[in-house]
Amino acid sequence: MTSDISIVWLGTIASLLAGLASGVGALGVFLVRTLTHKLQDGMLASAAGVMLAASFFSLLLPGLEYGEQITGETWTAALIVIFGLLSGAAALYFVHQKLPHQHFELGREGSDASYIRGIWLFIVAITLHNFPEGMAVGVGFAGGDVNNGYVLATGIGLQNIPEGLAVAFSLLAINYSRIKAFSIALMTGLAEPLGGLFGATLVWLAEPIMPWTLGFAAGAMLFIISNEIIPETHHRQWKIMSTFCLMGGFAVMMFLDATLG
């Protein structure tokens, strides 16, 4: 593993670019008049598939490989990564318990106080989710194989696009201008470079904990997928479509990992 601090900055910059993809998605408010439930579910399910594949191919599997190199034992490496995986999921669970949070729901118009509060809780939740995603990118770069970082940054950038679009349209629903909706959606992605800097620095300073850190990042992402995105895309009538969109996103990310990783 390189000890060059430039890797830390590379991870930070890559996570920033991935975060800015939220703004790419938010551009949709200037191009699309309405975001239907069906389109939203399909895009979010595809994003979940991308994140799921990234968790396996760019975090968990490299974590097991690095763990075996460090410990010399497969079972020890597996236990370390599993501990990181559970730690990451537990950390996200703790955040969700301590901070109020709501799922995004389309179809409401107007500006009543409870609905506005729900919209802003959704935006806060998206912003918080971006931190562990950025951390995953930073860890990927600092983990010794920068290709993992590139693949993770690409995958997380892809899944940020529908999230940015959803945030922007939720703000339109409470009478924000398209410019303001775009700007706020863009800013939700700025938590990612903070996570990228934290993750890359953590691994750079303490190489032996890299398998645990990779597992932690994967656990955080898997919690988001299972607790947030999948339920959000399966509570309406497009469950089958969402399932195949998830598989499509998984396949795209698997292809990227196989060809770029």
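Positions of Cβ are set from backbone N, Cα and C atoms, glycine also.
Copied from TrEMBL, the annotated features are:
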- 6-32: transmembrane segment (TRANSMEM)
- 44-63: transmembrane segment (TRANSMEM)
- 75-95: transmembrane segment (TRANSMEM)
- 115-131: transmembrane segment (TRANSMEM)
- 151-174: transmembrane segment (TRANSMEM)
- 181-203: transmembrane segment (TRANSMEM)
- 209-226: transmembrane segment (TRANSMEM)
- 238-256: transmembrane segment (TRANSMEM)
Of the listed stretches (6-32, 44-63, 151-174, 209-226, 238-256), which one yields the highest count of Cβ-Cβ distances below 8 Å with the transmembrane segment (75-95)?
209-226
Considering only Cβ pairs under 8 Å, which range in 6-32, 209-226, 238-256 makes the most contacts with the transmembrane segment (44-63)?
238-256
How about the transmembrane segment (151-174) with the transmembrane segment (209-226) - do they touch, taking at least 3 C-beta pairs under 8 Å (6 or more apart in sequence) as contact?
no
Considering only the recorded stretches 6-32, 209-226, 238-256, state which has the highest number of Cβ pairs under 8 Å to the transmembrane segment (181-203).
6-32
